[in-house]
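Record features (TrEMBL):
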REPEAT    306-347  repeat 'WD'
REPEAT    349-390  repeat 'WD'
REPEAT    392-433  repeat 'WD'
REPEAT    437-468  repeat 'WD'
REPEAT    477-520  repeat 'WD'
REPEAT    522-554  repeat 'WD'
REPEAT    565-606  repeat 'WD'
REPEAT    608-649  repeat 'WD'
REPEAT    651-692  repeat 'WD'
REPEAT    694-736  repeat 'WD'
Amino acid sequence: MRFISRYRPQQRLDELINRQEGFNLDALYSVALQNSAPWDDPCFSKDARNVLSCLAFGRTPMTNITMENLLQQHCAEVLDHLSCVLHWKPGEMVRVLHTSFVDYLTDSNRSGGTPWGMDAETGHQVLASTCLRVLHSELKFNICKLEDSHVMNADIFNLVERINLLVSPQLQYSACFLFAHVQEMQLDSVALKSLEVFFLNHVLHWLEVMSLLGQIPDAKAGLQAAAQHLKLASNQDQLRSFVADTLTLVTAFSPAMQSSAPHIYLSALPFAPALSPIKQHFGKTFSRTLRPQTLAEDWPNRDQLLQAVPSPIFTVDLAPENVHIAYGCLDGAIRLWDISAGALAIPPFRGHSSTVRSVKFSPCGSYIASGSDDKSIRIWDAKTGETLVGPLWEHTGPILCVCFAPNGSQIVSASSDCSFQVWNAHTGEHIAGPFPHPGVVQAVDFASMVSHVVSGCDDGKLRIWNIEDCSLVCPPLEGHGGPISSVHFSQYSAGAYIVSGSMDQTICVWNATTGNMVAGPLLGHTGPVHSVQFSPNSQYIASGSDDKTVCVWDACTGTIIAGPTTRHAASVMSVGFSSDGHTIVSGSTDATLRTWDSQTLALLATNFQAHRNQITCMSFSSDGTWIAAASDQGILEIWDTMTGELVTGPIQAHLKYINSICFSSKYAHIASASDDQTISVWNAQSGQCIVGPLQEHTADVNSVDFSPDGSERLASGHSDGIICVWDSNAGTIVAGPFRAPGAGEINTVRFSPDGVRIISADSSGFIRICDSETGFIILGIPNLGFLNCLDISPNGWYIAAGLGSTLGIWDGTSGTLIETFSVLPIAQARFQQCVSHQTAPWLLLVAQIAQCVSEICRPRIRPKHWHSMATIVLCPL
């Protein structure tokens, strides 16, 4: 109507009606465009095609002003000519009147050969080149003119206003969508050169903008796409290496980058390995930052520890494209983890009201089936999390297992009601069943022949069923001595084999045709086997057990070829192979997912987060090679400080919040103290508890410290004001209990470097120094206010204590206050713990609220940079 009414309506209407090819939508667009603009003008044609590229291939709508600044051309006149198919007003978003117009523009069969027909590769090339030009001309260091490098993005005053004023719309678009266009275009020499210039000059500035916009996860995804696309380019090893290293840097520091833009320059770059290309290239440019002296030469391998939810995981499944992991949890939610992004792909799927016992992707990867303790079955859209089918309620007991047929048309469900049933996966229609059993059915799977299903029952027998006539194909398969918890058909060689795992701690392999056992019972696990699965080629079997381990077996010989692993802290409830067979994923009731190399069971390299819960305390080993960290959920872990690898744990050390941990002087042992009123001593290498739990009386244990003199004495401070000294080998008290008159809750205890004195801080505001054998008070420093951390320098000369947001330093002999520092006046952070590093004079601060990283330079304290995740800082004293 716009085209007809704008000029000579009768003539234009006649022209449309009288066209030979008939009156259709394509004809309408063709006539409207042809008569609305001077397409024979080369200048107009070029400008119009650029504008149409923004409309057809742009990732977000743009105003005419953003288009003009992005394309560097006048757009208003072009938009006027195209207003028969567009809606636009100056300064407002330009939109097509109907989405069919974009389909018409980009379909060569419909608009090919016309001046306005759009080729996707060319359109993306136009937008990629304009994005690179904008990035090159507008990116710069500290683009939002932040006055303070120590403030988290969320705490920056008027950040939104600063971004709107200083980060132009065309720069925001270019930063966010550059790589979305790059991955859709052919990388010719010009494009490769432009990308090289961008990475060598502005990649850190780009990350700064992405951090301010809160888009670091998208930056990581963009770098992954670029790295993948560059594999197709020849003679670009240097650029590929630089892009890959940038991706590794973002992966390693993404939580910190997301929370603080200055952290990119002040921490991520300085702590990159010495041989990192990005460190070598930009290190000199930002030379006035931290310069760690003991960096590793290259990026270490790190655990693929995916901790995304504080809820035990009961089931996992890898999507066929190996990009996503679905897992079901105790809290009734299903979560979809994006492996490459290291984050949840979409919000949790909500619908079940109780524990999700089983999840399974459809063969095409578009759907997820789930079964729950709420007795229902659901089928979900894997992209949106929307329930498509269900809930299905035919079962009268919890659903323990669900599985798709190989063609995706049906699902089978097993239940504690002693039956399994078969459903139409698209409509939810009940197809067959219930198939009765003499006990709980914990496991089912389809054969490659959709008409056959294998079931595993609590009576220890497997049954193979023809679901079309509800009959058994052969007599029950006997060989297990306990309930069968998992079964899986081989989908290779026509599904001729079945693997089963049992609560009797064994695994068996069966010929599905004859019912004969061909391997097993396989022994190796020391607990019930909860999950088994064939590799895609059926040569290997993965298993997960109550003994917290994963194993890989040779399906023919029955021998263990990898494992058992030792990284899970609780039962491994589910295992699965990737579709290429290279990766195994495991889910555990310790609320973690882990991915493994299927041949070696080496944990795969990625970014890791030491604890999914709040880190409550940490401690260095005396030689500085290990650091231990503990959480509010009672978990203890020990890490290699050079490689970042997990040395020991996770250990479920206590039932409640761990308040304090410390290494012995020879770092063979580590002690832990908890709100569960106990102390335990652990072998730092094996993670075994060697003494404890020790409990002198019913009071929380707030702090422990080993004597540095090698005597293995252990001091403990309690919530009732008591201090005790223990023989950590025998588990007996050798001095005390001591309680000073008027003492409040003991927050921290520390031995002096010579082991002769004990320094303590309590809730009444006192620091006391007492004799470690008699408890005699040598020195008291009163009326300081609430003290929530304390430490003594390695030479014993100074005492440092945290008082809310203030750090004080006292003379350790006289008790004279030397200096006080206002720490983090903006965030008002409170210190949780100070820990001495014995080899170098470092003070380690952990901030609870602000989670900052600060550098102390005597005699002044100068906040250095912020860290959003680790809450750790090394500070020269």
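Each residue, glycine too, has its Cβ placed from N, Cα and C.
Just so you know, TrEMBL annotations never went through curation; they're auto-generated.
Sequence-distant contacts of the repeat 'WD' (477-520) (same chain, six or more residues past either end, CB-CB distance under 8 Å): 406, 439-440, 442-449, 452, 454-464, 526-534, 536-538, 541, 543, 545, 553, 555-558. Long-range neighbours of the repeat 'WD' (349-390) within the same chain, counting only residues 6 or more positions beyond its ends whose Cβ lies under 8 Å from a Cβ of the stretch, are 314-321, 324, 326-336, 396-404, 406-408, 411, 413-415, 423, 425-428. Helix first, then strand, then coil: DSSP counts for the repeat 'WD' (349-390) stand at 0 helix, 22 strand, 20 coil. Sorting each residue of the repeat 'WD' (392-433) by its DSSP state yields 0 helix, 23 strand, 19 coil.
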